[in-house]
Each structure stands twice: as structure tokens, then as C-alpha cells.
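Pulled from Swiss-Prot:
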- Cys30-Cys81: disulfide bond (DISULFID)
- Cys41-Cys60: disulfide bond (DISULFID)
- Cys46-Cys75: disulfide bond (DISULFID)
- Cys50-Cys77: disulfide bond (DISULFID)
- 1-26: signal peptide (SIGNAL)
Amino acid sequence: MKNVSQVSVAVLLIFSILVLGIGVQGKVPCLSRMFNKNNTCSFLRCEANCARKYKGYGDCRPGDRPHDKKDSLFCFCNYPC
């Protein structure tokens with residue numbers, strides 16, 4: 001009886017890992033940088049554009065490219081791939 005319960009627990013554990021893996025798949029966020037004028041970022045406009053264009057959410061961050069000015073903010077959109 002003890003072996004049967006251990007096997008059933010192992011089967012349930014494997015099944016739950018498979019279901020969790022399939023559920024997470026496809027929900028890995030992608031990142032896209034949107035162009036903005038005057039090196040400024042309006043959070044509400046960024047959020048609205050990302051929701052409309054990518055069905056995701058946006059946030060304002062400093063640029064990550066070498067030629068970006070230090071004080072400039074850019075809109076980055078996070079959306080499901």
C-alpha cells in the first residue's frame with residue numbers, strides 16, 4: 001500500500017509539472033522599445049500605446065543603447081510573445 005501511494009504522488013507531481021510548463025509557455029514577455037519625441041516619456045501615453053499596439057503594458061525607462069543620452073526616457077512595451 002505504501003508503494004501505491006508513493007507512485008500516485010509521483011504521478012501527480014509529474015502531471016502538475018507538465019501542466020504548469022504548458023501553462024507558462026507562450027506567456028514569456030517580449031520587450032519592444034517605442035519611439036518617443038524629445039527624449040521624454042509620458043507614462044499614460046506609453047501605457048495606452050502599448051495596450052493598443054501590443055496588447056501589453058508599458059513603462060518609461062532610461063535608454064539602453066550606447067548612443068542614448070543619459071537623461072532621456074524611452075517607452076518600453078512588455079507583451080506576451
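Cβ atoms are placed via backbone N, Cα and C, with glycine included.
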Sequence-ordered disulfide-bonded residues within 10 Å (Cα) of Cys41 (disulfide bond), taken from Cys30, Cys75, Cys77, Cys81, are Cys75
Quick one: of the disulfide-bonded residues Cys30, Cys75, Cys81, which has its CA closest to the CA of Cys50 (disulfide bond)?
-> Cys75
Listing them in sequence order, which of the disulfide-bonded residues Cys30, Cys46, Cys75, Cys77, Cys81 have their Cα within 10 Å of that of Cys60 (disulfide bond)?
-> Cys46, Cys75, Cys77
Between Cys30 (disulfide bond) and Cys77 (disulfide bond), find the distance joining the two CA atoms and give it rounded to the nearest Å.
-> 8
One should report the C-alpha separation between Cys75 (disulfide bond) and Cys81 (disulfide bond), rounded to whole angstrom, as 18
Rounded to the nearest Å - Cα separation of Cys77 (disulfide bond) and Cys46 (disulfide bond) | 8
Cβ neighbour count (within 10 Å, all chains shown) around Cys41 (disulfide bond) | 20
